[in-house]
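Shown next, in structure tokens, is the structure this report addresses.
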Ligand SMILES: NC(=O)c1ccc[n+]([C@@H]2O[C@H](COP(=O)([O-])OP(=O)(O)OC[C@H]3O[C@@H](n4cnc5c(N)ncnc54)[C@H](OP(=O)(O)O)[C@@H]3O)[C@@H](O)[C@H]2O)c1
């Protein structure tokens, strides 16, 4: 099972998250119930259009009977035109039916409308008020994170970014900066190459490694992310794949496997739709 990690504010975060984006309301219930049964305890949502499920997620988690203290709930401030971070956080708490979230993120740097230091102060107040145990950012690039780190009182605990072998080379400076300041990187879209209609070089390499290690290709990519010290944020409609994701922490890649995945990713065609 994926080990929990300690964030720079001392909080503990499960090493893998189950994401709820792009999941219609009818599918959400069975999916979250299966994820809980499989052993997921960390759930990632947001206020954005791609999610729109905080109320439903909150109800399912509450009906599960699992104590709040054993769940890790993460959401994001997505709609800067209709709310301040504090208003958004309060609205999320109401929808989720909880009195705190474990992690509250600024969904996009553009939400800050050019004032990262000023916006972050509002996030720090949310943490101070106990409405979020940890605060962080998402989709922050090197410049954004540098601006934040230079001006903050409480450093961000997390930066949630797109992360797969296909963008590893371009993400490396951001990973190094995060590591230097003890900011945990969470990676989404790690499995995207596998779901792509036009298989990228990394898919063949992941498949070969999976055959060698007698495991699944998705486990190879999740183990690769783990080897880069990146916390996995993933999703699946299939119960058997949930088990596979959780079991990926047992997959031990050789240094050569990691190098081969890095090299295959470097040959990928540029991504057309980045956040
Ligand atoms: N902060 C942000 O801006 C942002 C942006 C995007 C996502 N996220 C978060 O990250 C979460 C994860 O989303 P994601 O889309 O990035 O998830 P992902 O884990 O990279 O990809 C999941 C997809 O991969 C497919 N898959 C897994 N193994 C496969 C295999 N062996 N062959 C073919 N397809 C395979 C799954 O299909 P099946 O369902 O059929 O198994 C599923 O559709 C989201 O729910 C959200 O919480 C955050």
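Note: Cβ is positioned from N, Cα and C throughout, glycine not excepted.
The domain 'NADP-dependent oxidoreductase' annotation in TrEMBL covers 22-264.
What TrEMBL records for 51 is active site, proton donor. Using a 10 Å Cβ-Cβ cutoff, residue 51 (active site, proton donor) registers 21 neighbours.
Residues annotated as site 'Lowers pKa of active site Tyr' in TrEMBL: 76. DSSP assigns residue 76 (site 'Lowers pKa of active site Tyr') to a strand.
Annotation note: residue 107 (substrate binding site) sits in a coil segment as assigned by DSSP. Residue 107 (substrate binding site) has a Cβ environment of 22 other Cβ atoms inside 10 Å. The annotation substrate binding site is assigned in TrEMBL to 107.
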Given a separation of at least six residues and a C-beta threshold under 8 Å, show me what packs close to residue 76 (site 'Lowers pKa of active site Tyr') in the same chain.
45, 46, 47, 48, 104, 105, 106, 107, 138, 160
Take the domain 'NADP-dependent oxidoreductase' (22-264) and average the pLDDT across it for me.
97
